[in-house]
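**Student:** Sharing the features that TrEMBL gives for it:
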- 25-48: transmembrane segment (TRANSMEM)
- 41-296: domain 'G-protein coupled receptors family 1 profile' (DOMAIN)
- 60-78: transmembrane segment (TRANSMEM)
- 98-120: transmembrane segment (TRANSMEM)
- 141-162: transmembrane segment (TRANSMEM)
- 197-226: transmembrane segment (TRANSMEM)
- 238-259: transmembrane segment (TRANSMEM)
- 279-298: transmembrane segment (TRANSMEM)
Amino acid sequence: MGWENQTILVEFFLKGLSGYPRLEVLFFVLILLMYVVILLGNGTLIILSILDSRLHTPMYFFLGNLSFLDICYTSTSIPSTLVSFLSERKTISFSGCAVQMFLGLAMGTTECVLLGMMAFDRYVAICNPLRYLIIMNRNSYVTMAAGSWLSGVVNSAVQTAFVVRLPFCRNNVINHFSCEILAVMKLACADISGNEFIMLVATTLFTLMPLLLIVMSYSLIVSSILKIHSSEGRSKAFSTCSAHLTVVIIFYGTILFMYMKPKSKDILNSDGLDATDKLISMFYGVMTPMMNPLIYSLRNKDVKEALKNLLSRILICK
């Protein structure tokens, strides 16, 4: 494409659900309520993991990180999405888009790696319980969490830097609710094969490798659980990792559905599929962080007991 068709973009238009005004109002209310639940639920888990001494273990340290991560991840896109639902001018500046891309990708990558670390923690706890406190000492689990965050920041910084350097043409319409990196890359009027290769390598390292670690960990966990003779022992062992496994299935299940569906289907009824893809993306961005604290609190006696103690303290203070 010739240089005469290129221009310096100062803002992008976020298409979102522009063709569905009634849905915009509906989803404004739904997402606002979900966002409040995300803040309250994950915020409560963070407070409990700090205040209750019984939760000062590697598993709850990782859970606190996951809750903080979910708050950060949703806060990078949901507030601006809510504003765009009620605004006629659905635009975002180029610099604002770059920041949103960086933060969103950083949080998403960190969560992938962190879920892998949490799976390894459950593997050690169930398959090697006598050495658990030795292997998962404070230095180990703090380093694992810090490594997860560092992986997300580095991966996102590299990919975002390569995307913002691309030349963009007059088309500035992002067919998404927010500045999702793939949606922005499609607007570039240059060869993006290099960016796609970098993304493929990053996906392999930071998404598929943690998934492989999760699969291997739970394969060994299931094998160990089946060797336990008593049904009570098997039930107790499974309950310690069922919440994490549920979160993993929801998180990776949504990702796989979004990015690995057959492309041939995109040809048919593309407008309807666009709307469906956007709603699935919204589910990935809102439902998963909202359900994480519910899953961990409903399935965990320690969290329930810590919550009861916290509520008791509040009532006594009043």
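The backbone N, Cα and C atoms fix where each Cβ goes, glycine too.
No curator has checked TrEMBL annotations; they are predicted automatically.
I'm curious about the neighbourhood of these features; can you describe it?
**Tutor:** Confidence for the domain 'G-protein coupled receptors family 1 profile' (41-296), expressed as mean pLDDT, is 84.
For the transmembrane segment (98-120), the list of distant contacts is 59, 62-63, 65-66, 69-70, 72-73, 76-77, 80, 92, 141, 144-145, 147-149, 151-153, 155-157, 159-160, 163-164, 178-181, 184, 202, 206-207, 209-211, 213-214, 217-218, 244, 247-248, 251: same-chain residues at least six beyond its ends, Cβ to Cβ under 8 Å.
Here the transmembrane segment (141-162) has long-range neighbours at 58, 61-62, 65, 98, 101-103, 105-111, 113-114, 117, 120-121, 181, 194-195, 198-199, 202, 205-206, meaning same-chain residues at least 6 beyond its ends whose C-beta is under 8 angstroms from one of its own.
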**Student:** Same chain only, please: residues at least 6 beyond the ends of the transmembrane segment (197-226) with a C-beta under 8 Å from a C-beta of the stretch. Say none if there are none.
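**Tutor:** For the transmembrane segment (197-226), the sequence-distant neighbours (Cβ-Cβ under 8 Å, at least 6 residues beyond its ends) are 109, 112-113, 115-116, 119-120, 122-123, 126-127, 151-152, 155, 158-159, 162, 181-182, 234, 237-238, 241, 245, 248, 252, 255.
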